[in-house]
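Database features, via TrEMBL:
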type: TRANSMEM; residues: A:7-28; note: transmembrane segment
type: DOMAIN; residues: A:64-256; note: domain 'ABC transmembrane type-1'
type: TRANSMEM; residues: A:68-90; note: transmembrane segment
type: TRANSMEM; residues: A:102-123; note: transmembrane segment
type: TRANSMEM; residues: A:135-155; note: transmembrane segment
type: TRANSMEM; residues: A:176-201; note: transmembrane segment
type: TRANSMEM; residues: A:235-256; note: transmembrane segment
Amino acid sequence: MQHRSTWWKTAIGIVLTLIMLFPVYWMINISFTQRRSIRSGDLVPMDFTLDNYTAAFNSQLPYLGTSLIIALGCVIVTLLIALPSSYALAILHIKGRKTLNFLLIVAQMIPAVVMALGFYQIFSDLNLLDTLPGLIVADSTIAVPFAVMLLTGFMTGMPRSLIEAAQIDGASQWTVFTRIVIPLSRNTIVTTSLFSFLWAWSDFMFASTLDSGGGKMRPITMGIYDFIGSQNQEWGPMMATAVLASVPTALLLIVAQKYVAAGVTAGAIKD
Amino acid sequence: MSTTQTHAPKPAKRIKPTTWAAIGFAAPLIIYMLVFYVSPLVQNISMSLHRYTRRTFVTGEAPWTGLDVYKEVVSTPEFWTTLRQTLIFVVLSIVFQYSIGLALAVFFNQNFKLSAGLRGAFLVPWLLPPMISGTIWQWMMDADSGLVNNLLGVFGLDPVWWLQADKSLWAVIIANIWLGIPFNLVILYSGLQNINGDLYEAASLDGCNAWQRFWKITFPLLKPVTMITLLLGFVYTLRTVDIIWIMTKGTGTSRTLATWAYEMAFGKGTSATIKYSEASVVGTILILVALAFALIYLWAQGKEEER
């Protein structure tokens with residue numbers, strides 16, 4: 001139902017989007033502004049500089065690297081746990097899948113602060129505090145329930161004839177899983193990976209509690225947090241760091257918008 | 001989430017190996033859940049029933065106290081103040097997130113030029129690390145030179161000390177509404193897409209205007225989606241720590257149950273001493289609320305599937 005007279009709706013839409021995204025624009029604006037002019041509140045960086053980015057790169061590069069390792073590690077852990085279990089739930093119809101499903105929903109709803117407190121005690125016994133593997137595992141708990149539910153939902157809708165045909169040909173469960181189910185689930189695997197990457201990248205709770213003594217081996221969220229904590233607040237380099245830390249979000253939206261939208265809705269409601 | 005199952009009847013003799021295979025494939029998840037969900041939860045509940053201090057945390061000799069710590073926490077005035085603030089934070093956040101999200105969803109559902117792209121851009125606040133959003137809002141609400149106060153100044157209004165005392169709750173609510181709009185927009189939009197367009201045409205023929213069409217068709221048919229959106233919104237808002245912590249460190253009126261547990265558990269912010277047991281009491285209360293909502297969520301989802 002596209003009418004030619006809808007240009008004014010597009011105009012309203014653009015205005016609304018600009019209002020919504022203004023805070024993000026403001027971050028970018030500040031990141032290009034000289035320190036002396038930051039408080040003047042110009043709508044564009046009149047006093048343009050790239051110094052903030054130089055400062056951000058010099059001090060924050062190790063944190064960005066750590067975040068990358070953690071987020072990728074988290075994707076791997078999430079998929080290793082979620083893929084086989086989704087196969088068991090969706091294709092093999094394991095007994096008790098309703099209970100498992102309920103537990104996953106509960107798991108997804110547990111407040112992160114509760115998990116952090118529990119993990120803290122366990123990690124201190126296991127000497128996992130301030131280590132990357134510890135943080136990767138903790139971060140993966142944000143994504144695993146979502147990943148299992150998303151993948152199970154997708155695999156359930158897979159044509160069974162393909163799987164049955166392979167089984168008649170004598171294929172083992174493992175072959176069916178690796179040769180048929182995984183390749184067919186490619187898109188959903190991409191969605192799952194994107195979200196678990198982003199959530200691990202964005203995590204503040206676990207990083208600030210389980211990895212607070214990690215020094216340079218802490219994620220970028222902690223790099224920014226150090227800026228906030230310091231007495232003289234360096235807004236320019238801080239905003240430049242924030243822009244750098246937003247790069248994965250931007251990439252995700254530009255490269256993979258359809259996967260993102262699929263993830264949001266699939267997590268909440270059925271079609 | 002799709003849960004429609006197509007059961008293909010299997011020959012009886014194949015059942016056993018399949019069961020074994022199923023257990024094998026599910027084993028990583030079951031072990032993972034036991035180790036990484038159940039044990040922190042049990043740990044948390046156990047800590048709420050013992051008296052843990054910094055010392056007994058290390059020695060592991062915390063004495064059993066039963067529900068004593070619960071009684072202590074509930075009898076403090078802080079608990080009730082915090083509970084009240086939490087409710088204000090959660091309710092105002094989701095009411096505005098939902099109504100703005102719904103208005104935007106209805107607007108974007110009209111399929112004008114660029115609507116898909118603009119809708120995508122609306123996702124940014126949701127995908128941005130909350131840490132970063134918090135930092136931006138903190139700067140925008142800066143008392144001396146923040147943008148918000150500059151804007152108020154244009155209208156001749158006095159600057160507001162957003163991030164302090166009794167204003168801090170409003171500051172974090174505003175930021176949190178901004179943060180939650182995209183999620184509501186996307187879910188409600190997909191709900192709108194599932195409403196049959198013929199209904200609107202029929203209503204137009206019967207002489208209903210846009211306002212009536214919204215209240216007589218859109219809103220009632222969106223009820224199941226609304227239910228789920230609000231439920232998830234409630235749960236996610238209740239456990240919010242990061243955005244509040246970055247903006248105000250949970251000071252003033254912006255302390256909620258979740259940030260309170262956070263500061264007590266890790267000795268951050270205004271809580272100079274670590275109070276493990278008190279923190280886990282608050283944590284356990286949050287778990288119980290989460291559990292209750294998981295049950296309501298399942299029930300709501302079941303109802304939607306019946307439709």
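Each residue, glycine too, has its Cβ placed from N, Cα and C.
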Distal contacts, the transmembrane segment (A:235-256) - CB-CB under 8 A, six or more residues away: 24, 27-28, 30-31, 33-35, 38, 49, 51-53, 55-57, 59-60, 64, 67, 71, 190, 194, 197-198, 201, 220-221, 223-224, 227-228
Ranked first among A:7-28, A:68-90, A:102-123, A:176-201 for CB pairs under 8 angstroms with the transmembrane segment (A:135-155): A:68-90
Chain residues in Cβ proximity to the transmembrane segment (A:68-90) (below 8 Å; excluding those fewer than six residues from its ends, i.e. six or more beyond): 97, 100-101, 132-133, 135-137, 139-140, 143-144, 147-148, 151-156, 158, 177, 181-182, 185, 189, 192-193, 196-201, 219, 248
